[in-house]
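> Below: one structure in structure tokens.
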Amino acid sequence: MSKKKPRPTPVPAERIAKLIDAHTHLASTGARTQAEVDAIVSRALDAGVERMCTVGDGLEEAELALSAAHMNERVFAACAIHPTRAHELDDAARKRLTQMAADEHCVAVGETGIDTYWLKHDAERTAPLEVQEEALRFHIELAVESGKTLMIHNREGDAELMRILADAPAPREVILHCFSSPVEVAREAIERGYVLSFAGNVTFKRNDGLREAAKLAPAGQLLIETDAPYMTPEPFRGTRNEPALIGHTAKVVAEARDMPVEALAEEVSATFDRVFNL
């Protein structure tokens, strides 16, 4: 009986200056205290990652994201209720999220959006589509009122998401985080001025379409992210992700765009500044 080949221990790519991580989950990577946040930021900095945006997918996690942003000057926060948990968006949550969005350390409202994947695979624990839409519209309004960027989660919800975004008020910026949609959706999103953010899945061998989308996005409409602890890039797919590993994703995106990875880092750093109003 053959044994499974052990997964390699993840190590960062060679240091690339001025990298950013546009979407990570520090609390889920185990960084909650000052010491833990500082340690993960230090490892990232050693790999060239100068700043990151940490995201909460529920109210408790949003509190932790905002707390991390207050702990370390290289960390910024995005706060919202994840679409799969949209049923948790009660009056108290709306009030608290409104307060969070007013905090200068909160640079985006997110992640919010549409997720039909989990509706198909775990309907009992996933908010119904109409509840997800109501929550998304609340978050869009909050982004507009607070002047913050809207950070979108989309999993198998292209048609619904693009319809809602088209008929809702326009936030200052819209980021499609962990972009995983077809090239046709990428083209429409680019035409609308949205920013496509690519995670580790852009490195997966079968994802030629994502690399094509990364090639299409103009400068200023592209970011890179880890979505840590998920979406670990090749060659470490299936292991635990963290911001220090984003260099592997940067190299693949730079190759798709036929540009030096150092130039890509400069480009996404400038986009990070603009979309988060830094």
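Note: Cβ is positioned from N, Cα and C throughout, glycine not excepted.
Sharing the record's features from TrEMBL:
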type	residues	note
BINDING	His23, His25, Glu111, Asp227	divalent metal cation 1 binding site
BINDING	His153, His177	divalent metal cation 2 binding site
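Are these features on the surface or tucked inside, and what are their neighbours?
Under DSSP, His25 (divalent metal cation 1 binding site) is assigned to coil, being neither helix nor strand in the three-state scheme. Note on His25 (divalent metal cation 1 binding site): other Cβ atoms within 10 Å of its Cβ, all shown chains, come to 22.
Around His153 (divalent metal cation 2 binding site), the C-beta neighbours below 8 angstroms that are at least 6 residues distant in the chain are His82, Pro83, Gly110, Glu111, Thr112, Gly113, Ile114, Asp115, His177, Cys178.
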> Check the binding-site residues Glu111, Asp227 for other C-beta atoms within 10 angstroms of each C-beta and report the one with the most.
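That would be Glu111, with the highest Cβ count within 10 Å.
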> Identify all same-chain residues not among His23, His25, Glu111, Asp227 whose C-beta atom falls within 8 angstroms of the centroid of the divalent metal cation 1 site's C-beta atoms; report them in sequence order.
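My list of surrounding residues reads Thr24, Val55, Asp57, Ala78, His153, His177, Cys178, Glu225, Thr226, Ala228, Tyr230.
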> Sorted by position, what residues of the same chain at least six away from His23 (divalent metal cation 1 binding site) have a C-beta under 8 A from it?
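Result: Cys53, Val55, Ala78, Glu111, Met151, Ile175, His177, Cys178, Ser197, Ala199, Leu223, Glu225, Thr226, Asp227.
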